[in-house]
Protein chains: 6
Amino acid sequence: MTQDFFTPVSGMELPRFAGVPSFMRLPVVPPGHARFDEVDIGLIGVPWDSGTTNRPGPRHGPRQLRDASTMIRAENAATRVRPFEAANCADLGDVGINPADIDDSMDRITAFYQRLVLAGIRPLTAGGDHLTSLPVLRALAEDGPLGMVHFDAHTDLFHSYFGGTMYTHGTPFRRAIEEELLDPARVVQIGIRGTAYDFEDRDFAKAVGVRVIPIEEFFARGVTDVMAEACEIVGEAPVYVSYDIDFVDPAFAPGTGTPEIGGPNSFQAQQVVRGLAGLDIAGADLVEVSPPFDTSGATAWLGVSLMFELLCVMTG
Amino acid sequence: MTQDFFTPVSGMELPRFAGVPSFMRLPVVPPGHARFDEVDIGLIGVPWDSGTTNRPGPRHGPRQLRDASTMIRAENAATRVRPFEAANCADLGDVGINPADIDDSMDRITAFYQRLVLAGIRPLTAGGDHLTSLPVLRALAEDGPLGMVHFDAHTDLFHSYFGGTMYTHGTPFRRAIEEELLDPARVVQIGIRGTAYDFEDRDFAKAVGVRVIPIEEFFARGVTDVMAEACEIVGEAPVYVSYDIDFVDPAFAPGTGTPEIGGPNSFQAQQVVRGLAGLDIAGADLVEVSPPFDTSGATAWLGVSLMFELLCVMTG
Amino acid sequence: MTQDFFTPVSGMELPRFAGVPSFMRLPVVPPGHARFDEVDIGLIGVPWDSGTTNRPGPRHGPRQLRDASTMIRAENAATRVRPFEAANCADLGDVGINPADIDDSMDRITAFYQRLVLAGIRPLTAGGDHLTSLPVLRALAEDGPLGMVHFDAHTDLFHSYFGGTMYTHGTPFRRAIEEELLDPARVVQIGIRGTAYDFEDRDFAKAVGVRVIPIEEFFARGVTDVMAEACEIVGEAPVYVSYDIDFVDPAFAPGTGTPEIGGPNSFQAQQVVRGLAGLDIAGADLVEVSPPFDTSGATAWLGVSLMFELLCVMTG
Amino acid sequence: MTQDFFTPVSGMELPRFAGVPSFMRLPVVPPGHARFDEVDIGLIGVPWDSGTTNRPGPRHGPRQLRDASTMIRAENAATRVRPFEAANCADLGDVGINPADIDDSMDRITAFYQRLVLAGIRPLTAGGDHLTSLPVLRALAEDGPLGMVHFDAHTDLFHSYFGGTMYTHGTPFRRAIEEELLDPARVVQIGIRGTAYDFEDRDFAKAVGVRVIPIEEFFARGVTDVMAEACEIVGEAPVYVSYDIDFVDPAFAPGTGTPEIGGPNSFQAQQVVRGLAGLDIAGADLVEVSPPFDTSGATAWLGVSLMFELLCVMTG
Amino acid sequence: MTQDFFTPVSGMELPRFAGVPSFMRLPVVPPGHARFDEVDIGLIGVPWDSGTTNRPGPRHGPRQLRDASTMIRAENAATRVRPFEAANCADLGDVGINPADIDDSMDRITAFYQRLVLAGIRPLTAGGDHLTSLPVLRALAEDGPLGMVHFDAHTDLFHSYFGGTMYTHGTPFRRAIEEELLDPARVVQIGIRGTAYDFEDRDFAKAVGVRVIPIEEFFARGVTDVMAEACEIVGEAPVYVSYDIDFVDPAFAPGTGTPEIGGPNSFQAQQVVRGLAGLDIAGADLVEVSPPFDTSGATAWLGVSLMFELLCVMTG
Amino acid sequence: MTQDFFTPVSGMELPRFAGVPSFMRLPVVPPGHARFDEVDIGLIGVPWDSGTTNRPGPRHGPRQLRDASTMIRAENAATRVRPFEAANCADLGDVGINPADIDDSMDRITAFYQRLVLAGIRPLTAGGDHLTSLPVLRALAEDGPLGMVHFDAHTDLFHSYFGGTMYTHGTPFRRAIEEELLDPARVVQIGIRGTAYDFEDRDFAKAVGVRVIPIEEFFARGVTDVMAEACEIVGEAPVYVSYDIDFVDPAFAPGTGTPEIGGPNSFQAQQVVRGLAGLDIAGADLVEVSPPFDTSGATAWLGVSLMFELLCVMTG
């Protein structure tokens with residue numbers, strides 16, 4: 001019976017365009033639901049972009065990702081993982097953020113994830129902009145700092161914006177390190193590129209021991225080599241995986257607020273996740289999908305395809 | 001408690017872009033749900049366009065309509081009706097049609113609606129192309145033919161297409177009259193216009209007594225006068241309301257398969273529904289919203305705004 | 001046999017989305033074709049926008065209009081005219097203009113239309129920008145100046161642009177009057193509006209006797225009254241009808257280069273053509289449809305719907 | 001000399017698609033510029049949407065409005081006003097808001113407008129969401145409360161959102177009345193419609209004496225009659241004009257965050273501004289244009305066309 | 001003379017945006033045309049998507065492909081093949097399918113292709129969804145089973161859908177093997193990837209001897225090696241080439257119904273076709289281009305560019 | 001002080017979506033400006049597409065490129081070049097071309113650039129179609145022919161179009177060589193591909209000594225090797241760099257008039273520019289960005305990212 005409840009609806013039975021769209025056609029099991037405690041991995045939306053300094057839109061991400069996710073099937077053809085059989089997965093709904101109050105929103109997000117931690121549920125989050133990761137980490141790192149594998153075009157390690165604003169989508173991991181939610185020696189950032197105002201972020205990374213792998217190095221060494229190093233850096237202790245969709249080249253992921261050309265293609269985007277197999281993943285997120293800039297829906301489809309890959313390494 | 005269960009989520013509490021999108025943020029209560037029998041009015045999606053002879057897409061209608069519907073609030077500012085307090089409304093989910101088999105799909109739709117009839121639930125359907133109305137009427141008209149107010153640019157009274165194909169979105173009401181699901185003397189069609197191959201449909205209408213009000217007459221007489229006649233024609237007996245979004249001018253409703261210029265504006269589109277107040281409405285549908293052709297989402301928003309107007313006259 | 005040859009393909013037999021798209025699914029009968037001399041009314045594309053001073057695109061108009069035109073059927077539901085039975089209509093193909101040479105292009109266009117005049121074919125042209133009308137008029141007015149009913153947001157009566165450039169889409173009718181292709185006393189311009197650099201165009205109109213009906217007057221008097229005056233102005237002698245799609249409000253016709261808000265709706269856009277019934281129409285054009293700015297295709301559909309109305313008054 | 005400096009570039013000399021796009025091709029004269037004090041009317045962008053409770057995007061409004069505004073010419077064809085000759089107009093640039101801090105942003109906006117007040121410049125603002133009006137009014141109403149003519153689908157008179165958030169685009173005029181920036185007896189709101197959670201806003205309006213004219217009344221009475229009442233309400237004392245683009249029907253203005261069907265067309269949208277002639281306008285704004293939802297650019301073009309109408313009544 | 005008749009119109013003479021759009025600007029020679037028997041290779045549209053289980057649209061493929069194809073020139077710059085000189089090529093028009101009847105449509109398609117077989121014309125088909133291949137193969141394989149090189153993200157070897165529906169775009173090659181239209185030992189499928197419900201299709205492939213080359217193997221070995229194996233598998237006997245546009249990564253081909261990330265780029269997409277040189281190609285198709293999802297037209301342009309490559313290996 | 005004047009506005013202070021959009025947020029310093037002579041490198045727009053033989057639109061390029069360029073920051077993360085500190089850079093505005101007169105436009109462009117030459121300013125041009133390069137070279141090559149590195153899918157070396165038209169975007173470098181503006185022995189063209197009418201262009205290249213590197217060779221040898229040869233060919237004398245955006249694969253650059261599949265990705269697009277380091281670059285252009293076909297804005301963002309790379313090699 002439990003088996004049935006947590007099994008996604010098959011498109012062989014109900015067409016994929018039909019039905020109320022939950023993540024990957026899983027049951028919707030919000031906190032308070034009778035079976036909430038049975039969930040192993042929860043898919044959560046954080047429809048929030050108040051930390052965005054440039055082009056807004058990620059607040060619409062979870063809904064578009066849910067829509068696209070109804071095209072996901074049951075098995076990973078490359079790795080043969082069947083995540084929905086390996087763990088009880090469910091759509092836990094969206095966090096009810098406050099679009100006009102950043103501090104209030106962060107508190108609401110942390111509180112939501114604290115309930116997951118209490119219930120032993122590992123989160124796979126659909127953002128939202130990258131500031132989302134900070135309040136999530138506040139809940140997940142209660143027992144000590146986590147390691148992190150971070151795919152992104154940007155380090156998000158800046159100190160502040162606009163004359164002192166501390167909480168934006170360019171600062172979450174600076175804050176997370178300051179708050180000891182992340183252990184900088186166990187953090188690796190992959191795919192960094194684009195223009196910069198200065199290198200304050202990278203100076204900080206160097207000072208605290210965060211490993212930054214620029215895109216040029218990524219392409220020169222290849223996925224396998226880079227991911228081997230990444231796994232070594234984070235080691236066997238619990239690790240958080242944060243995947244900014246702008247890691248991928250904008251031809252593949254146009255729907256995002258701060259695109260940077262010269263990024264990986266979609267096959268490499270999958271491969272890096274498969275390279276995480278074996279890690280102890282405490283949680284993961286896929287952020288910065290911005291539907292208003294995703295004119296063809298391709299970014300959402302890429303995003304949920306990567307969420308599925310993340311789910312497979314979390315359960316495989 | 002019942003009150004709370006059937007109350008939509010307020011955007012003052014949870015932002016309208018957040019959450020799994022059900023129709024008008026109502027609870028999802030599919031057949032088999034513990035509270036199914038408490039529902040008064042059910043909102044159902046029929047994601048189906050196999051009857052479409054020209055440009056496909058309405059199979060995606062229910063999902064896009066659900067998405068847009070999360071911007072609907074609680075009260076009709078013009079009529080002061082608060083439908084969600086006047087009746088137990090719920091999202092009953094989508095009918096699981098078979099996109100590659102028309103006959104099978106029609107049977108599945110009729111079976112779904114028969115369950116509603118048994119439970120005493122009145123349906124408000126989101127199509128789907130206009131063939132949707134036929135299998136719905138087969139369930140609703142079990143006790144005898146219904147009257148119908150039909151808003152459309154086309155009569156949908158044709159005999160057949162492509163050398164004998166009887167079931168397309170151009171034939172549902174021919175079939176419904178032949179099957180005695182509709183009483184032609186109590187049927188009125190409003191907004192008819194566009195080019196025609198011939199007038200076989202209108203000859204049939206005249207022969208069986210269906211009243212056709214072309215758009216020229218509609219504009220010349222005005223909404224109030226036309227709707228008074230329409231109400232008189234259908235009378236006090238149970239009536240079905242079928243609203244094809246292509247009734248409205250394509251500037252207001254571009255996302256549809258068979259647009260015809262020279263139609264009503266969106267205010268008139270609302271007014272005609274308000275003109276139905278007082279009728280005994282056995283069920284209603286809003287069909288032919290085609291998201292692939294709705295580049296800005298405007299048609300879906302118009303569509304759900306009209307569904308809300310329909311809901312208000314069904315409960316007001 | 002002739003009957004069959006000039007009959008458009010019916011969507012009841014071949015779906016409207018199928019087939020090589022000629023105008024209104026008519027046979028393609030270019031000059032030189034064996035049956036060219038049997039044609040009564042020729043539909044021609046002039047894929048040309050070299051006269052455009054602002055946003056280009058009308059060179060793509062004929063193709064998009066042909067595509068949309070496959071949704072046109074056989075009979076005008078409002079007027080009951082069946083143009084394809086009333087006259088031999090055909091798609092004569094596109095004029096082979098030279099996109100990099102305005103003078104050469106004008107010569108090519110005039111030469112093409114002279115062949116029509118010789119064959120006794122009346123043209124219904126799909127532009128192209130409004131400069132198209134000038135070389136067409138050079139062919140049509142060989143026997144003396146024509147009258148003209150001109151629907152537009154702009155007078156297109158300016159003297160020159162950019163320090164002396166005489167041939168742009170803002171000058172065709174100034175040139176046509178100077179060249180005595182049009183009789184200014186028999187010219188009426190309807191729908192004029194928008195901002196202006198100066199009133200040089202209207203001063204010219206007044207000086208030569210062109211009647212300009214601004215949009216405010218159009219709305220105040222109504223279609224019937226305005227069109228009665230227009231018919232009186234042009235009288236019983238041969239008249240050219242030039243219809244710039246920007247006559248219509250940009251909500252209905254977004255795909256054009258110089259939109260002006262505050263225009264007629266699509267029903268009024270049809271009515272004004274119907275008001276031409278009875279005139280001796282020597283030729284007509286529908287210009288300034290710009291597919292690159294027509295994101296939903298609505299403008300092309302409006303455009304061919306109006307071409308069909310023009311065809312009906314040319315044959316009815 | 002002054003004349004030349006403040007004259008927009010003509011499209012007859014430099015094509016309208018050329019050049020760095022300032023508002024209406026006016027000179028850019030930010031605070032601090034040598035000729036700042038010569039400006040009579042300043043066009044300012046407030047690229048800000050932090051008060052948006054639903055779909056974001058108006059932060060991109062000023063740039064898109066500037067782009068579209070290069071199609072504006074020198075004279076109002078309907079009223080014959082030539083605003084750029086009647087007053088020294090200039091583009092004052094954008095206010096440098098802080099997208100991640102609402103309070104900081106409001107302070108920055110008010111400070112910017114206080115410089116205008118000191119210099120005797122009347123502002124015509126391009127938003128930004130509707131919260132923009134509040135910090136602007138704080139600067140303009142320093143000598144006492146203003147009257148206001150407010151075109152909108154919504155009253156924006158709500159008390160708070162999301163459990164106590166006081167500053168959103170749904171609350172600016174509640175705050176403005178509480179802060180005595182507006183005299184409620186001299187405020188009129190025109191075009192109100194759509195669904196509502198409750199009527200708290202309208203109860204407040206009634207309690208303080210704000211006149212609300214719903215869209216049904218607007219259509220029933222007509223523009224002339226409604227605007228006569230509006231002018232009477234605000235009287236001869238200084239008045240602010242706030243124009244939310246969602247006043248207009250979404251077919252004409254799709255690019256906005258909270259569209260409501262059943263609104264005025266673009267001609268009525270112009271006419272209501274022309275109806276303000278003779279008022280003592282202390283400032284005006286055009287808000288809620290949201291480029292990410294304006295797929296064809298039509299809303300920006302409508303918006304700047306209305307800004308031009310506003311400019312004409314401010315100078316005419 | 002024959003030479004001239006079958007030569008496409010040059011864009012050096014008539015601009016590529018001009019003219020009624022036939023495939024590659026070839027003459028339109030439908031069955032029954034006087035020169036039908038002179039055709040060597042026929043380009044045919046099958047505007048049909050009734051087999052589509054998810055997102056519809058390929059019925060519009062042929063028209064959009066024709067439009068894009070007018071940008072194709074005369075020679076393959078890489079291989080120096082000039083196909084229009086090597087063989088008499090023509091546009092044979094579209095098959096008149098019945099959008100509301102799958103069985104009827106398959107019969108019509110097969111009948112159309114039987115006429116080609118009789119006339120000795122080899123077909124290059126523009127779909128249509130992938131079910132199109134089945135009725136085509138029924139005509140082509142009359143003398144015995146063919147080999148097949150199949151480029152696709154999916155095997156299309158499933159047994160049935162929705163509880164027993166046998167004819168969908170996921171089943172054509174299962175049927176073709178069952179009907180002995182294809183020799184499974186001479187079938188190779190390249191590019192397979194994505195999520196799966198189960199591996200029933202691959203189990204069937206293994207059981208009957210179809211060679212499946214997943215995308216991971218494709219990338220690891222490279223185009224040259226993979227295509228050498230493919231050519232070896234199909235050998236020297238007649239072979240069909242079926243190219244599903246979703247073989248290519250969705251960044252390059254967004255306009256399709258069932259995209260799968262992690263696919264080849266457009267250069268690889270060309271290279272695989274060039275790798276077919278020397279095979280005895282009995283026919284080929286390019287399917288699943290879905291214009292409603294091809295927001296920029298890029299997929300159609302890719303599609304016809306690949307059709308041109310196919311034409312070059314069929315004639316080179 | 002000079003330092004400050006030529007420093008772009010930082011997005012850390014003013015959000016990137018705010019402000020009047022000049023190229024890379026540099027000061028606007030048109031000819032005649034007091035500080036014009038201090039400029040080292042001028043960014044100029046040439047909003048012109050009169051040479052376009054197929055799909056128009058590049059006249060809108062400069063404005064869209066300026067808009068996108070406001071996301072460019074101060075430093076090249078890969079090469080560590082900070083161009084705005086290395087040289088005085090400024091936006092010199094747009095050349096005032098005449099859209100209806102090619103010869104007049106070429107004269108205006110050449111005259112504009114002659115002023116730059118006199119002032120010792122090196123130009124970085126944003127086109128415009130590729131004919132733009134010719135009048136620019138006429139100004140730059142006054143002291144003798146230049147070398148050229150040319151990135152493009154096409155050689156643009158054709159003799160003439162449409163029966164003798166000499167000035168189109170397919171002929172600029174044929175003219176430039178004929179006019180001795182370029183030294184053919186020092187010209188290299190990289191990325192050539194696509195279909196061709198004939199090889200007249202390549203025969204000309206061979207005859208005069210232009211080196212053509214087709215895309216197949218480019219991919220086979222790799223960026224480093226190809227660019228080493230390119231640098232050797234052009235040598236140490238002054239060189240012009242002309243970058244047609246259609247060099248890049250259309251998945252990365254859909255917004256252009258003559259796309260050719262099978263091109264480089266965006267990383268390679270950057271790398272080739274970095275490979276120019278050390279050359280004596282007399283000027284550069286980035287042409288053929290066509291906003292009407294750039295539905296997502298991705299092409300403009302790619303274009304300005306490449307302009308930034310060009311600026312870095314011009315200053316680094």
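Cβ atoms here come from the backbone N, Cα and C positions, even for glycine.
Here is what TrEMBL records for this protein:
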- D:H130, D:D152, D:H154, D:D156, D:D244, D:D246: Mn(2+) binding site (BINDING)
DSSP state at D:D244 (Mn(2+) binding site), helix/strand/coil: strand
Neighbour count (Cβ, 10 Å) for D:D246 (Mn(2+) binding site): 28
Secondary structure of D:H154 (Mn(2+) binding site) (DSSP, helix/strand/coil): coil
Cβ-centroid neighbourhood (8 Å) of the Mn(2+) site, D:H130, D:D152, D:H154, D:D156, D:D244, D:D246 excluded: D:H150, D:A153, D:T155, D:H169, D:F247, D:T258, D:V287, D:E288
For the binding-site residues D:H130, D:H154, the one whose C-beta sees the most other C-beta atoms within 10 angstroms: D:H130
DSSP-derived class (H/G/I helix, E/B strand, else coil) of D:H130 (Mn(2+) binding site): helix
Cβ neighbours within the same chain of D:D152 (Mn(2+) binding site) - under 8 Å, at least six residues apart: D:H130, D:Q189, D:I190, D:G191, D:I192, D:S242, D:Y243, D:D244, D:D246, D:F247
